[in-house]
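J.: Please read through the structure below; I'll follow up with questions.
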Amino acid sequence: MNNQKYIRNFSIIAHIDHGKSTLADRLIEHCGGLQAREMSQQVLDSMDIEKERGITIKAQTVRLVYKAKDGNTYYLNLMDTPGHVDFAYEVSRSLAACEGSLLVVDSTQGVEAQTLANVYQAIENDHEIVPVLNKIDLPASEPEQVKQQIKDIIGIDASEAVLISAKSGIGIDLVLEAIVNKLPPPKESSSDILKALLVDSWYDPYLGVVILVRIIDGTLRKNIRIKMMATNSVYTVENVGYFTPKKHISDVLHAGEIGFFTASIKQVADCKVGDTITDEKKPCEQALPGFKPNLPVVFCGLYPTDSAEFEHLKDSLAKLRLNDASFEYEMESSSALGVGFRCGFLGLLHLEIIQERLSREFDLDLITTAPSVVYKIHMRDGESLEIHNPADLSDLQKIESMEEPWIKATIMVPDEFLGAVLSLCTEKRGVQLDHSYIANRAKIIYKLPLNEIVYDFYDRLKSCSKGYASFEWQMDVYEPSELVKLGILVNGEEVDALSTIVHRSRAEQRGRALCVRLKDLIPRQQIDIAIQASIGSRIIARETIKALRKDVLSKCYGGDISRKRKLLEKQKAGKKRMRQYGNIEIPQSAFIAALKIGDE
């Protein structure tokens, strides 16, 4: 298949739960990509965790063959993209490989915050956008109102939006006709020299690294020698093919097509997402612009509960890193938890997903330290540092100032919940930038410190709006702030794994909460245990776990008082010695519970 005018590369963009994976299922079913008995819900959500949570995490690709009403056969390459703000990087990669997008909006809920974020990315990529209104068979559906919303908020004419119900299959043929008639084909190939964009890569235990590519110019064939332009690595192509969504071997991919190839690549580092792949013998002169890499914004430590599992954790992280280019890690050690890894994530959902995948796919039992963000530290000697681990915060006397990251958040909420949402944003040190109404929904834009978001903001936002608020954010600026390191001491010894960096106004509240929680979690011992929260050398909160008292007089039935006194003195001396030399063992379960996110 060489004629590019019969190819359409498109992605589906939508907010979570607006039905894009269901629409993808219907398109596959309609085009005969899978037989009826092979169909399952959310075909393209390959991970169990995606199906259980009802979210798309990894962008997936599928080639559909469609016989249009004009009599021609078209080849449609669909990129199913995630909707959650944490996985915007996956969306950006999918959009770069396509020329058009289907904008799916739930006709019962209207435009949501994350719909906006993804649409703006599509517009930046010069996409032709076709609005699709889903769930029109529900009683609460308001298609005319939602069309007006799309026009008012996004600025796209939605008067000819396709009305569908992905669940019951209404209007699927109209969507396919809109893809063929309204979305543009790939640009004509300007050269015969191979130039391909590396869109994604994942690890297959039998084939090694499988690479997903969009061919821009030339052809990719079996047995040719290719070069990765970012790393200058050279490989021989072994298999070439595409997904329907089953794997199909085709031996060649032409310009404009999206497919995969394998080349016995074992090195994870050689597959840089956004890299340009070219022919080793006739390389192209200029690499493709690639993608702007997404930098991690939330960091935490991952430690195995059993130190013998460290090597297993190391291998597991290396394999996950291949499937997830936005996830970073480096080795670190903690006096309380042993050797582990400091990991960087795009957000809290991303952190949870990685944790759950390590647990399910690699059978690892992990301890996760409290999440933190990247702070900029300006020292008195003129040096500037970036730290994300509170344990790295050195002598406070040498620090001139500290800056924390602020985000620009867009929140859309029904007006009856607006008061509760505004109170939450104010409590989190937010600054209101804009406030507008679209029908009965409020759109508010706030500037918020990222430090406040990573704990429990998302859960509390959903809670105070009964699940109706939607939230999207992007990094804004770094600003000076009164930040302090909150340390936790158990019997005078600082526990590095429980240290956090907080705003001075929140330090006492958070310190007290941690002390109370640890008091409930650490088992009583033979001596009193002091749990203290400190800022530098100043103690700001304290809780005491009272000692267990062994009854040494239980065997004295009456008798001389001096005998009893002697036993009590002996016990007192033993406890004094224990206080002097005894180490308090904090059980792993106490750490896990104390570090639980969102229990503040």
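Including glycine, each Cβ sits where the backbone N, Cα and C put it.
Quick paste of what Swiss-Prot says about this protein:
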- ASP17, HIS18, GLY19, LYS20, SER21, THR22, ASN134, LYS135, ILE136, ASP137: GTP binding site (BINDING)
- 5-187: domain 'tr-type G' (DOMAIN)
J.: Test of understanding: give the count of other CB atoms lying within 10 angstroms of the CB of ASP17 (GTP binding site).
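T.: Its Cβ shell of radius 10 Å holds 15 other Cβ atoms.
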J.: Might you list, by sequence position, any residue in that chain lying six or more from ASN134 (GTP binding site) with a Cβ less than 8 Å away from its Cβ?
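T.: Looking at Cβ-Cβ distances below 8 Å from ASN134 (GTP binding site), excluding near sequence neighbours, one finds HIS18, GLY19, THR22, LEU23, VAL104, VAL105, ASP106, SER107, ILE164, SER165, ALA166.
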J.: If you average per-residue pLDDT over the domain 'tr-type G' (5-187), what number do you get?
T.: 77
J.: Please report the DSSP secondary structure of SER21 (GTP binding site), reduced to three states.
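T.: Once the DSSP labels are grouped into three classes, SER21 (GTP binding site) ends up as helix.
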J.: Return the maximum Cα to Cα distance in Å (whole number) over the record's GTP-binding residues: ASP17, HIS18, GLY19, LYS20, SER21, THR22, ASN134, LYS135, ILE136, ASP137.
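T.: Value for the max Cα separation, rounded to a whole number: 18 Å.
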J.: Give the sequence-ordered list of residues that share a chain with ILE136 (GTP binding site), lie 6 or more positions from it, and have CB atoms under 8 Å from its CB.
T.: SER107, PRO143, LEU163, ILE164, SER165, ILE170, GLY171
